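Annotation source TrEMBL lists domain 'MacB-like periplasmic core' at B:18-222. What TrEMBL lists as domain 'ABC3 transporter permease C-terminal' is B:261-375. The feature transmembrane segment is assigned by TrEMBL to B:20-44, B:254-279, B:300-330, B:350-373.
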Amino acid sequence: MADSGERRIVVSIRNAAKSYLRGSQVVPVLEDLSFEIFHGEFLALMGPSGSGKSTLLNLIAGIDSVDSGSIVVDGVDIATLGERELADWRAAHVGFIFQFYNLIPVLTAFENVELPLLLTPLGRRERREHVLAALEVVGLADRMEHYPSQLSGGQQQRVAIARAVVSDPSILVADEPTGDLDRVSAEEILHLMAQLNSAFGKTIIMVTHDPRAAEKAHTVRHLEKGVLSDVPS
Amino acid sequence: MFLLKLLTRNALRHRLRTGLTILGITIAILAFGLLRTVVSAWYAGVNASSAARLISRNAISLTFSLPLSYLERIRQVEGVKSVSYANWFGGIYITEKNFFPNFAVEPKSYFELYPEFVLSPEDKRAFLADRKGCVVGRRLAERFGWKVGDSITLKGTIFPGTWEFVLRGIYRGAEKSTDENQFFFQWDYLNETLKKTAARRADQLGVIILGLKNPQTAAETSLAVDARFKNSLAETLTETEKAFQLSFVSMTEAIVVAIRIVSYVVIVIIMAVVANTMAMTARERIGEYAIFKAMGFRGYYIAGMVFGESLFISMTGCAVGIVLTFPVAARFGKIMGAFFPVFQVERSTLYLDVAFCLVVGLVAAVFPTWRAVRIGIADGLRRIG
């Protein structure tokens, strides 16, 4: 694992390139991209639509693969992993927070949060303890028997955050986590994410269009036409 | 356990759609069960036949008779333990709609050769003592409300005239598959009447039934019987009771084949219905499958969800269909009792019901599973919102 001064590098991207096929046309999205994300960093990725923010997030989270280059997360070059290894790696290292919460509607808040733990060797009692702890952190322990449809948007996103952190992943990736929320709920979610970052040292990589959301991050990077630049704070 | 909970809740997500699909499977299983039972009923006589009995008839056709004198000569054939005889009477009770099989039989030897027709000793004595006596099966007696002592009149078709009988006994079947819809009366009554009205038709037998000492010798015995009457005016054709019964069924084999084909077509149709339901389901949940995969769930878990839900739907329909098959078959059997004296759902039909529902559930889930497992996570997530 590389170090930069005293800060540990969690994500190291080297010469990453990604393009998509649109019909017969190859559309490059990311070209020769290199940068690092440090442990405990709260990074906001901004940029116009189609700039490749979500693609970059997907590459870091291991749900899409680079055409060339490498992505090393916590010492593992995920570009070299096969589909099964990548699934196991995601289960152990990545927590997902989506714009539309993406909770499973037929499962209660408790069961939704429990999902990632089903892939661990934890027993039922231990899983319960972890789930309750995660729901406590997001302030929804009293709503654990509620189904997603019985919760507000903000509450659903908090359940999604509990699901993302319950297995204690190395990184949290959030794709427009406040994009579907009203201002007050969005503020609560951003506050919660900032808290996870400061109190629990979680490394967060967030894609957002919202400058107010980006304000909560330590680092804001701007992606445009596949080129990444720092945004002065 | 979690998977079971998840797939059950998923199956009940669109209650109307799931309910209608289950209803479709239920009706298909019901139809399949009934059609299979009709086919079984068609073969009931064949299945109930004994390996220890041979039937000897005129080699030309069943409509030609055999002389009574053959009886003693057949009795002397090696391997023959006992003989009896019968004539198809073809009498009508009030109207042709009230059809039931009726035979003139030699009562003593006939009931000895057919122990599956169980008659109480008192009824048997009364029947043997009364030349105009008759014996009917339990279901036939129930059908017309007959009681012992009742007078029954049949209108003769093959043997014209009005034939008066007194009911002397009601037999019951030793097995569930025994036909309890038959009517027997004394062959002597028929023969003595014929001697007075149509002397040339007297002393003629429709079939001679042979009881064998050893069922293993059926082939040799039948050859020996037929050899004995070779080049006579009435050559015999002797065959096992099963072959004799099958010769009747073979006349209507095209219908049986058609019924069989329809029963399988019903299963294929319902397979398409369930496959459509599962395809719709999987299409709607592609985003959810992508979320599961993003969290690290592998393809086999996704496949388990789709296959499990498909099997849950198909097996629920199967269970309801099987439960309903029994009362519906009982009702159907009652209505069609004249044509299908034995109408019972066989265990093999239930096994086929379960096997077909398993196949339907599995096959219906193949394509949706393939789509769900193959979908890229990023592509799947893009479909949400």
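Every residue gets a Cβ built from N, Cα and C, even glycine.
Taken together, the residues of the domain 'ABC3 transporter permease C-terminal' (B:261-375) have an average pLDDT of 92. Between the transmembrane segment (B:254-279) and the listed ranges B:20-44, B:300-330, B:350-373, the one holding the most Cβ pairs under 8 Å is B:20-44. Same-chain neighbours of the transmembrane segment (B:350-373): 25, 29, 32-33, 36, 267, 270-271, 274-275, 277-279, 281-283, 285-286, 289, 299, 302-303, 305-307, 309-315, 317-318, 321-322, 325, counting only residues six or more beyond its ends whose CB sits under 8 Å from a CB of the stretch. Residue counts of the domain 'ABC3 transporter permease C-terminal' (B:261-375) by helix, strand and coil are 99 helix, 0 strand, 16 coil (DSSP-based). Counting same-chain residues at least six beyond the ends of the transmembrane segment (B:20-44), those with a Cβ under 8 angstroms from any Cβ of the stretch are 177, 179, 249, 252, 256, 259-260, 262-263, 266-267, 269-270, 273-274, 277, 313-314, 316-318, 320-322, 324-325, 328-329, 332-333, 340-346, 349-350, 352-353, 356-357, 360. Tertiary proximity for the transmembrane segment (B:300-330) is limited to same-chain residues at least six positions away from its ends with a CB under 8 Å from its CB atoms, namely 3-4, 6-8, 10-11, 18, 21-30, 32-34, 37, 274, 277-278, 281-282, 289, 292-293, 343-345, 349-350, 353-354, 357-358, 360-362, 364-365, 368-369, 372-373.
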